[in-house]
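Here's what TrEMBL has on this protein:
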- 6-25: transmembrane segment (TRANSMEM)
- 37-59: transmembrane segment (TRANSMEM)
- 65-83: transmembrane segment (TRANSMEM)
- 95-116: transmembrane segment (TRANSMEM)
- 128-146: transmembrane segment (TRANSMEM)
- 185-207: transmembrane segment (TRANSMEM)
- 219-245: transmembrane segment (TRANSMEM)
Amino acid sequence: MDQIVKLNLFQFSLIYLLLIVVLVIMKKSKVNQSKLLIIASLRMSIQLIIVGYILQYIFRNPHPLFTISFLTIMIVFSIHIVIKSRKDLNNAFKISIAFSLSFSGLFVLFFFLIVVINKSIFNPQYTIPLAGMIIGNSMTGINIGIKNFMDSIKKEKNKINTLLNLGIEPKYILKPFANNALESALIPTLNSMLGMGIIFLPGMMTGQILSGTSPTTSILYQIAIMIAICTSVCLTVFLSLNLGYKSLYNNRKQFI
């Protein structure tokens with residue numbers, strides 16, 4: 001296999017020319033997000049370049065403190081992003097989200113590292129990239145699940161109040177909404193798994209192949225990480241919704 005092509009600054013800068021296509025389409029379609037596209041592209045580039053140098057230092061100077069610190073920052077920021085995007089959640093629901101995302105992400109990550117590939121949880125080369133994929137996808141899943149759950153409750157508010165007046169337990173009323181939200185959160189991951197290998201090659205596998213890793217080894221890693229991601233998304237959304245919806249009503253079975 002050929003060695004990976006190392007991009008120089010000029011080669012790298014050429015990829016930004018593709019954004020012209022996006023800008024032209026936006027202008028013709030009257031999509032007023034050109035400024036956001038430019039800001040997002042620049043911010044993404046700056047953030048990734050900074051993280052790249054940080055990771056390079058951590059990989060060259062591996063220390064448990066660096067790995068734990070980076071992992072903690074990832075979890076805290078993912079929780080912050082989820083909670084910040086939902087202004088309609090009470091504090092108890094937010095705590096449920098924080099616990100679910102932390103517990104599920106770490107549980108699946110440690111299982112992958114210790115049981116599957118037999119690596120130390122303090123090994124930054126494996127822990128940090130795997131944590132990024134697992135926690136990042138869990139964050140996306142919980143965003144979808146919470147949005148679906150809260151939007152459905154608001155839409156069916158009159159129906160819910162009617163059922164409460166009839167004496168139905170709140171948990172029996174809200175449980176179907178939580179189940180539907182879990183399903184909606186899992187669909188993107190399941191669709192990715194269905195199309196993987198036939199329609200597209202996933203990012204992790206592509207990166208390993210480009211770096212010279214055997215395709216068969218890359219495939220095994222990709223299958224393992226997708227199962228880990230699916231499990232983490234499912235567990236995160238399930239726990240956050242089933243713990244969170246209990247904070248929406250009080251002991252007198254009234255919605256707060």
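Glycine residues also receive a Cβ, built from the backbone N, Cα and C atoms like all the rest.
Automatic, uncurated: that is what TrEMBL annotation is.
Since this is a predicted model, take the numbers as computed values, not measurements.
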Note to self: Checking distant contacts: for the transmembrane segment (65-83), what same-chain residues at least six beyond its ends satisfy Cβ-Cβ under 8 A?
What the structure shows: 54, 58, 89, 94, 97-98, 101-102, 105-106, 121-124, 127-128, 131-132, 135-136, 138-139, 142-143, 146
Check: Relative to the transmembrane segment (6-25), which of 37-59, 95-116, 128-146 accounts for the most Cβ pairs at distances under 8 Å?
Finding: 37-59
Item checked: Contacting positions for the transmembrane segment (128-146) when only residues 6+ beyond its ends and CB under 8 Å are counted -> 55, 58, 67, 70-71, 74-75, 78, 81-82, 85-86, 89, 97, 100-101, 104-105, 108-109, 112-113, 181-182, 184-186, 188-189, 204, 225, 228-229, 232-234, 236-237, 240-241, 244
